[in-house]
Amino acid sequence: MGEEVSNKTETESHHVVVDSVPPLQEKESDKPDPPNENVTSPSPPVQKVEDHVAEKDTEDSVSKDAMLARVLTEKRLALIKAWEESEKTKAENRAYKKHSAVELWEDSKKASVEAELKKIEENMERKKAESVEKMKNKIAEIHRLAEEKRANVKAQKREEFLGVEETAEKFRSRGVTPRKFFACFSA
């Protein structure tokens, strides 16, 4: 008896694992065949029900498979669309960064050129101011030299007047007329 129980459990477990048949079918298959052959076996109605259930299961599984395939397709398309959007966003961000870098480069170069221009203008202004100062100094020096020359001319004029007055005084005191004045009359 112990062997029969173990054989039964082996067959039951064997049917369950290998055939994956529901327990109702196992019990019916374990029943001995009726001695009368005219009696219809209960298995055909079960088979019809099973066939109908199988057809229904097949239709359900086909529709489930179709739905599953559609869901998988939609999921794949959604993932592709999300990837596409992500890549577009990445490309847009890279372009924005490069655009910003170009703008920064342009601004820095412009600032450097403007600083150089300002430096040149300051140098030119400084040189202009120095040149103006030099020219003003030259003008002042020329004016000073002109004043000195005028002063010298006045001084010479005064000396000549003094000399002429002295000579005229001598002529008056001697009563003689100057010869150079009447050079053409002198004999």
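Heads up, the Cβ atoms here are built off N, Cα and C, so glycines get one too.
Record features (TrEMBL):
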type	residues	note
REGION	1-66	region 'Disordered'
COMPBIAS	1-17	compositional bias 'Basic and acidic residues'
COMPBIAS	25-34	compositional bias 'Basic and acidic residues'
COMPBIAS	48-63	compositional bias 'Basic and acidic residues'
DOMAIN	75-180	domain 'Remorin C-terminal'
COILED	110-159	coiled coil
Let's see if you can do this one: DSSP helix, strand and coil counts over the domain 'Remorin C-terminal' (75-180), in that order.
100 helix, 0 strand, 6 coil
Limited to the domain 'Remorin C-terminal' (75-180), I'd like the whole-number average of pLDDT.
94
